[in-house]
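K.L.:
One structure follows; several queries about it will come next.
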Amino acid sequence: MLLRFTKMHGLGNDFMVLDLVSQHAHVQPKHVKLWGDRNTGVGFDQLLIVEAPSSPDVDFRYRIFNADGSEVEQCGNGARCFARFVQDKRLTVKKSIRVETKGGIIELNIRPDGQVTVDMGPPRLAPAEIPFQAEREALSYEIEVNGQRVELAAVSMGNPHGVLRVENVDSAPVHSLGPQLEVHPRFPKKANIGFLQVLDPHHARLRVWERGVGETQACGTGACAAAVAGIRQGWLQSPVQIDLPGGRLHIEWAGPGQPVMMTGPAVRVYEGQVRL
């Protein structure tokens with residue numbers, strides 16, 4: 001059978017989006033890996049699936065698969081594309097929608113200028129909720145990697161993140177340290193690793209090594225986690241502009257217990273069909 005899909009991106013973080021509300025199919029990891037190959041398939045960082053809600057409290061169910069076939073809890077850039085997709089496909093007429101993810105419920109708001117604001121909910125900072133192995137919650141933790149001590153903050157935005165402050169993201173060891181920290185045993189479910197350069201209290205640069213993907217052009221949850229870590233450490237103040245290789249995100253966070261608000265673009269690239 002043939003399935004219709006839309007290729008989208010948020011700041012260069014690219015997605016294949018499938019509507020499984022009006023189409024019906026059982027997508028398996030082998031399909032995701034086949035479609036995700038940039039040489040022989042569609043090629044993407046993540047596959048986003050739109051499904052009917054499982055409860056009346058939400059409008060849709062939002063599922064996310066990395067290109068390696070693994071299902072993950074959350075994707076912020078994908079959430080913005082999800083919001084644009086369901087409106088463009090007229091699956092909803094609402095400007096504000098609630099969607100259910102593996103990482104919890106998030107709210108998506110489409111602005112008149114076409115940008116999308118995502119209420120990502122409050123960050124989770126307790127080690128057991130991230131999950132991260134530590135005796136107690138702290139602003140930062142020391143991790144040993146190949147005999148070297150690395151200091152990072154641990155934050156969950158529905159998915160686990162480690163955030164390191166660096167002097168310059170251009171020379172940061174993203175491709176050497178990133179994959180080692182991603183699979184570090186203190187992150188039982190692996191982690192996305194952000195390398196944060198603070199420019200001033202309201203402006204920072206970020207590169208992210210994403211779990212199961214590698215470095216991407218942008219990571220929405222990574223930008224949220226970096227802003228939270230920076231604000232908690234006193235390096236940053238809300239609102240924060242986070243510059244990623246693919247572009248800029250606007251992050252607001254009022255402090256503990258408050259939701260993180262992320263605003264940025266969502267772009268449709270093309271429509272296509274794939275064989276299941």
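Think of each number as a place in line: the chain as shown, counted from 1.
Each residue, glycine too, has its Cβ placed from N, Cα and C.
As annotated in Swiss-Prot:
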BINDING   Asn13, Gln46, Asn66, Gly76, Asn77, Asn159, Asn192, Glu210, Arg211, Gly220, Thr221  substrate binding site
ACT_SITE  Cys75  active site, proton donor
ACT_SITE  Cys219  active site, proton acceptor
SITE      Tyr270  site 'Important for dimerization'
K.L.:
Among all protein chains shown, how many Cβ atoms are found within 10 Å of the Cβ of Asn66 (substrate binding site), not counting that one?
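P.N.:
So the Cβ neighbour count for Asn66 (substrate binding site) comes to 22.
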K.L.:
Around Asn77 (substrate binding site), how many other CB atoms lie within 10 A of its CB?
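P.N.:
Counting Cβ neighbours of Asn77 (substrate binding site) within 10 Å gives 35.
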K.L.:
Using DSSP, would you call Asn13 (substrate binding site) helix, strand or coil?
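P.N.:
Note: Asn13 (substrate binding site) is in a strand by DSSP.
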K.L.:
For the substrate site given as Asn13, Gln46, Asn66, Gly76, Asn77, Asn159, Asn192, Glu210, Arg211, Gly220, Thr221, which other residues of the same chain have their Cβ within 8 Å of the site's Cβ centre?
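P.N.:
For the substrate site the neighbour list reads Asp45, Ile64, Val72, Gln74, Cys75, Gly78, Val208, Val213, Thr216, Cys219, Gly222.
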K.L.:
So which binding-site residues are near Cys219 (active site, proton acceptor), with CA atoms within 10 Å, out of Asn66, Asn77, Arg211?
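P.N.:
Within 10 Å of Cys219 (active site, proton acceptor): Asn77.
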K.L.:
Out of Asn13, Asn192, Arg211, Thr221, Tyr270, the recorded positions in the record, which is closest to Cys75 (active site, proton donor) when you go by Cα distance?
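P.N.:
Comparing Cα positions, the closest of these recorded positions turns out to be Thr221.
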